Amino acid sequence: MAIRKKSTKSPPVLSHEFVLQNHADIVSCVAMVFLLGLMFEITAKASIIFVTLQYNVTLPATEEQATESASLYYYGIKDLATVFFYMLVAIIIHAVIQEYMLDKINRRMHFSKTKHSKFNESGQLSAFYLFACVWGTFILISENYISDPTILWRAYPHNLMTFQMKFFYISQLAYWLHAFPELYFQKTKREDIPRQLVYIGLYLFHIAGAYLLNLNHLGLVLLVLHYFVEFLFHISRLFYFSNEKYQKGFSLWAVLFVLGRLLTLILSVLTVGFGLARAENQKLDFSTGNFNVLAVRIAVLASICITQAFMVWKFINFQLRRWREHSAFQAPAVKKKPTVTKGRSSKKGTENGVNGTLTSNVADSPRNKKEKSS
């Protein structure tokens, strides 16, 4: 996000700058229209599609279960309207966090433009990852996923979801869809847009795939696992911006990143490659939401494996580049040993050295600051 300069003159109404400065208020007014529509009988039927979850089914109580009937949900085309409304909510929450939390910290810390953008990105994502991780863990515990891992593939297709499960997926889709207009609202640099589009697109592809293919149980577990690792990275980057000597969080993140990729592959192969492959019903049936056929299973495993390989390749490539730059920087310091300035040069080499762990950005490290200034 670019640093906004305060001006005494207010921009013209509906101008480019006006929309950027007041986009949260504009979106709030649009969301308020849907909420006000619930108050009138004529518009209530249309507004309720946007605000509440659709496609609920009430199942009668059984002797083994509780005496009360259960209300479950499945997905449909009307979910797009619900996702749109909560996308507006995500934009509003994004603006609130930015204005009342991150901007205040930025004024105190006096970050550079590069750090300002990275700090805002990590601040927003760490808040989202923490919330989604806690929420997802609550669903896993309440629905006994931890005590019985076979629930990941047993009784497939999982076309009926609880309220918490469906609302979780609707919220995930809404959040990552809101990231597209945020690229405009936050004045993202053109060179950063392709990276952001790939980043957002991968999230939407996998979340929507798990939702539409009725693999919501597996998708929930993998999302919680991935969000926890990503939360650790972004919270470590926030601490790094406040104190550049902080590196322990990145070292722990590097270990958990590799473990997270391995667990993702193990759970995916165990669920799709073994659990669903041994299921009795392996016929494609759109009416019941059964996609347990060989072609779909191969496509699911291929997409997961390719994505994990891409993430590991980016991780290894970044680490190798950092270690190569660290070695190249230390080599001249070892060769040059002037007698007069020996103590001074060795001190500079220690200050500018990098320990090889992953930091927030190569441009943000103290060593690169030294190179830029020179």
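Glycine is treated like the rest: Cβ placed from N, Cα and C.
Listed in Swiss-Prot for this protein:
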TOPO_DOM  1-29  topological domain 'Cytoplasmic'
TRANSMEM  30-50  transmembrane segment
CARBOHYD  ASN56  N-linked glycosylation site
TRANSMEM  77-97  transmembrane segment
TOPO_DOM  98-121  topological domain 'Cytoplasmic'
TRANSMEM  122-142  transmembrane segment
TRANSMEM  160-180  transmembrane segment
TOPO_DOM  181-192  topological domain 'Cytoplasmic'
TRANSMEM  193-213  transmembrane segment
TRANSMEM  215-235  transmembrane segment
TOPO_DOM  236-251  topological domain 'Cytoplasmic'
TRANSMEM  252-272  transmembrane segment
TRANSMEM  298-318  transmembrane segment
TOPO_DOM  319-374  topological domain 'Cytoplasmic'
REGION    334-374  region 'Disordered'
MOD_RES   SER365  phosphoserine
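Sorting the topological domain 'Cytoplasmic' (98-121) by DSSP state (H, G, I as helix; E, B as strand; all else coil) yields 21 helix, 0 strand, 3 coil. The DSSP breakdown of the topological domain 'Cytoplasmic' (181-192) into helical (H, G, I), extended (E, B) and coil residues amounts to 8 helix, 0 strand, 4 coil. When Cβ-Cβ distances below 8 Å are used as the criterion, the transmembrane segment (193-213) is approached by residues 75, 169, 172-173, 176-177, 179-180, 183, 219-220, 222-223, 291, 296, 300, 303-304, 307 of the same chain, each at least six residues removed from its ends. The transmembrane segment (77-97) shares more Cβ pairs under 8 Å with 160-180 than with any other stretch in the list 30-50, 160-180, 215-235, 298-318.
As a summary of secondary structure, the topological domain 'Cytoplasmic' (236-251) carries 11 helix, 0 strand, 5 coil according to DSSP.
Stretch with the largest number of CB pairs closer than 8 A to the transmembrane segment (215-235), among 30-50, 122-142, 298-318: 122-142.
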